[in-house]
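Q: The structure under discussion is supplied below as structure tokens; questions concerning it will follow.
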Amino acid sequence: MKRKTLTQYLVEQQRSAQALAPEVRLLIEVVARACKAISHAVGKGALGGVLGSLESENVQGEVQKKLDVLSNEILLEANEWGGHLAAMASEEMETIHRIPNRYPKGEYLLLFDPLDGSSNIDVNVSIGTIFSVLRAPHHVSGAEVSEADFLQPGRDQVAAGYAVYGPQTMLVLTIGQGVVGFTLDREMGSWVLTHEKISIPADTKEFAINMSNMRHWDAPVKRYIDECLAGKTGPLGKDYNMRWIASMVADVHRILTRGGIFMYPWDAREPGKAGKLRLMYEANPMSFIVEQAGGASINGTQRILDIQPEQLHQRVSVILGSKNEVERVGRYHSESLT
């Protein structure tokens, strides 16, 4: 049986009760093409002269990798001329990128982390691109877009997805109608539907967290991890395995494939920050995907998708994955407040 391509899937979704606006379909296809270009650059590695770091830092205060900058440029250049967007925002840029006046403007906003997990670039571990699509507020149609127009809760996302650059390059996508996965056919140059109706089991025996930071976590997270480590003889009554790749895309992709819970909690070393991960570029799109796959995502006490953003580069604590495990951690946080 012939497999569907990304274009075929999106056209079918567009025709199906108008579940997908034509502009969003075209926008997703452009993002997917940009991800192919990034995949090619990642795949060349040292042969393409793209490994290593630059002397510059991004707005987060992180030293930029060469591929961070290249991936950001690829996404900007691919998306600014198509007429689907009013503006873009990137984890790598301090301010928003408005569509130049020489190009037509559309009704949507695109946010992205051009290369998540870039600390793994030089050691050849899976990395990825995360993106989120929002509708621009009606009042900005034909007007100047501002940063405030991006500050919408995650539940308002129109689409979200990520590309993972590993042994195979995959694109995982939701438009609010479940989660599907496409594999890049490198010979044909097309995205092919290989994973339909992706779902996360409600229970798990795997957790993903950086255990070296355990002494810095708050009590509810420590309690849950202690119970996982206690195994069959502990209160959870089962043995757990720990996994940690230090690439959110890779860790979440594994959870979508076989279940698990991913945790990047608040850290006492930076008590003034709500967390490490970025709400708009990482937590919101990944939470949308995880919820559409039957999982859950919280910051400890609140559903991630209900958080009202206050800043473009806002950070947040993230606990997502198998629903029953996430809800357990949420209960522990609630109990700690009483």
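Any Cβ shown, glycine's included, is placed from N, Cα and C.
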Q: Check Swiss-Prot for me: it has Asp113, Leu115 binding Mg(2+) 1, so pick out which one of Glu91, Glu92, Glu94, Glu144 it puts in that same site.
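A: For the Mg(2+) 1 site that includes Asp113, Leu115, Swiss-Prot also lists Glu91.
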Q: Considering the Mg(2+) 2 binding residues Asp113, Asp116 given in Swiss-Prot, which of Glu227, Glu270, Glu282 is annotated for that site as well?
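A: Answer, per Swiss-Prot (Mg(2+) 2 site with Asp113, Asp116), from Glu227, Glu270, Glu282: Glu282.
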Q: Rounded to an integer, what is the Cα-Cα distance in Å between Glu91 (Mg(2+) 1 binding site) and Glu282 (Mg(2+) 2 binding site)?
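A: Between the Cα atoms of Glu91 (Mg(2+) 1 binding site) and Glu282 (Mg(2+) 2 binding site), the distance comes to 9 Å.
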Q: If you measure from the Cα of Glu282 (Mg(2+) 2 binding site), which of the binding-site residues Asp113, Leu115, Ser118, Ser119 is the nearest?
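A: Checking each of Asp113, Leu115, Ser118, Ser119 against Glu282 (Mg(2+) 2 binding site), the shortest Cα distance is to Asp113.
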Q: Whose Cβ, among the binding-site residues Glu91, Asp113, has more other Cβ atoms within 10 Å than any of the rest?
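A: Checking each of Glu91, Asp113, the winner is Asp113.
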Q: Around Gly117 (substrate binding site), which residues of its chain at least 6 apart sit with Cβ under 8 Å of its Cβ?
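A: Expected: Val125, Ser126, Ile127, Gly128, Ile245, Ala246, Ser247, Met248, Val249, Ala250.
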Q: Return the residue, from the listed binding-site residues Asp116, Glu282, with the maximum count of other C-beta atoms within 10 angstroms of its C-beta.
A: Asp116
Q: Taking the Cα atoms as reference points, how far is Lys276 (substrate binding site) from Asp113 (Mg(2+) 1 binding site) in Å?
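A: If we compare the Cα positions of Lys276 (substrate binding site) and Asp113 (Mg(2+) 1 binding site), the gap is 14 Å.
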